[in-house]
Amino acid sequence: MIAVELRKLFRRPRTWITIALLNSLPVLVAVLLKVTDLAPRPGEGPAFLSAVLTNGTLFPLAALAIVLPLFLPIAVAVVAGDSVAGEAQGGTLRYLLARPAGRTRLLVAKLVALVVFVLVTVVIVAIVGYVVGTTLFEVQSLGATTAVSGTSLTPDQVAGRTLLSIGYVTISMLGVAAFAMFFSTLTDSPQLATLGALAVLIGSSLLFTLDAASDIAPYLPTRYWLSFVDFFRDPILWRNVVRGLGLQAVYVVVLLGAAWANFTTKDITS
Amino acid sequence: MSGTVIATHGLRKSFGAVRAVDGIDLDVRAGDVYGFLGANGSGKTTTVRMLLGLVLPTAGTVEVLGRPIPKAGREVLPRVGALIEGPAAYGHLSATANLSLSDASGPGGSRRTRKARIGEVLDQVGLGGVGKRAVRGFSLGMRQRLGLAGALLRRPDLLVLDEPTNGLDPQGIHEIRELLLDLNRTGTTVFLSSHLLAEIEQLATRVGVLDRGRMVLQDDLATLTAPTGATVVDTPRAAQAREVLGDRVLSADGDRLVVRGSEPAEVNAVLVGAGVPVHGLTLQRPTLEEVVLAAAAGSGDRVQAGAAS
């Protein structure tokens, strides 16, 4: 069943168009930087971008930071929102369940395919970022990448911490995926499920900037998204990363539990 | 295979205050072509969905192939082929890829024989030549055939078909009818849900009629359309015939007389003996339409003012 869902997802042209569009923004940013040579000053603009002109190997991280606030969550929400509601809208859900695929199995297979999609997408963003970064910008081969906290990191450390960042960003996206998937079991309209998840994210980002909402800020789903920057402090600052992981875990468990409870007891009338 | 294939007891489904299905007892036996008739909105589709575990009953039980649904769905449903309210497929994939994905997404479809089975059912429904083409470009009739191919893919013991000839041209309808009769002869029980009386009359051996969520009729087609004990006489001299037959004439309509008597030959002898020419004689049988109209109150989507309050 998982193999079937993966085949469905990755044989669909839309999946690859989404990934291609997602990569276009960091590539555009890289080209503009190269052409104008105008990097944002340290502490301004997307994370890591200020350092990219002098070290292209940091561009994968800059690319992740560029797509993380909007593009990546949109892509994830589109695919996750489509997971159940898309089948319902297309009429294939009734045939899958009469096959019978099994409701719990179907949901689990959809979830696994979604995790694979997020991971593949994030890895492709990092790889494209690496290729673009190392082609367009200088590469410091001899040690000495400057960490956010000022000390130096070896290329091995940069590579290892980039992998950690990829894992962290992937997990951060699972919260979005869980929201969209839960909504996807509530409605027969994939667009509605996607928009619902995006509304949650936009709401969360907005509340995060509001002083009056500071009491609930630690529980907002987007609160710790950018904490992957902390992997590049020396030593790694684990506090927010761990909180971020815990928070995503809670959202994922609660929302998928709700999705399961709803989907397994639902009348399929689509 | 013998015995009961579909049995429901007091099956009920409410959507809010609306009782879509209101306590029906289906009884479909092995080898039947069961015609499930009802107006639009009479609860046919909801019932079909309950048989397949898609809609969960409010009350009552469903047994398919002797096992409870939805509980034993994983065991039973692989042996059931279904066409539910029109076909559905992934448009960007080919017919073959669609069937292959469907087969792989549940139990009971051997991977080893998959390719051969797909080729076979595509030929069977007349899509052998377009298996590689994306479904996006298929006509409604082709999609319907593909849906039927999906239902036949695992050589099911039971076919549950909701309006299977929808979108097909007359030749297509004839072809599918022959295919279904053929499958039935080789032991497949067919549960055919339709509002097309003619289709049911040509195919079914047993008929169930649903009216506003209730079963108003369930019997063998042969019993329902059994001779009424009257003979229909076609004669150019109706007036003379009425004189000869006297009060045996039950009703008259132009050249057609309905005469009491279940022996056409005897009626013929009486008329010819009296010099009345006779063009035709047949035993009177009610049509399925007459039976259904007598049993069911009216069209389900006709809502009278005040009825909804």
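Note that Cβ sites are derived from N, Cα and C of the backbone, with glycine treated the same way.
These numbers come from a predicted model, not from an experiment.
As given in TrEMBL:
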- A:15-33: transmembrane segment (TRANSMEM)
- A:58-85: transmembrane segment (TRANSMEM)
- A:106-132: transmembrane segment (TRANSMEM)
- A:163-183: transmembrane segment (TRANSMEM)
- A:195-221: transmembrane segment (TRANSMEM)
- A:241-263: transmembrane segment (TRANSMEM)
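Long-range contacts of the transmembrane segment (A:163-183) within the same chain, counting only residues at least 6 positions beyond its ends with a Cβ under 8 Å from a Cβ of the stretch, are 61, 64, 68, 72-73, 76-77, 79-81, 83-85, 110-111, 114-115, 118-119, 122-123, 126, 192-194, 196-197, 200-201, 221, 224-225, 227-228, 231, 241, 244-245, 247-248, 251-252, 255-256, 258-259, 262. Sequence-distant contacts of the transmembrane segment (A:15-33) (same chain, at least 6 residues past either end, Cβ-Cβ under 8 Å): 9, 39, 46, 49, 52-53, 59, 62-63, 66-67, 71-72, 75, 78-79, 117, 120-121, 124-125, 128-129, 132-133, 136-137. Within its own chain, the transmembrane segment (A:241-263) has Cβ neighbours under 8 Å at 84, 103-104, 107, 111, 168, 171-172, 174-175, 177-179, 181-182, 184-186, 218-219, 221, 223-225, 227-228, 230-231, counting only residues six or more beyond its boundaries.
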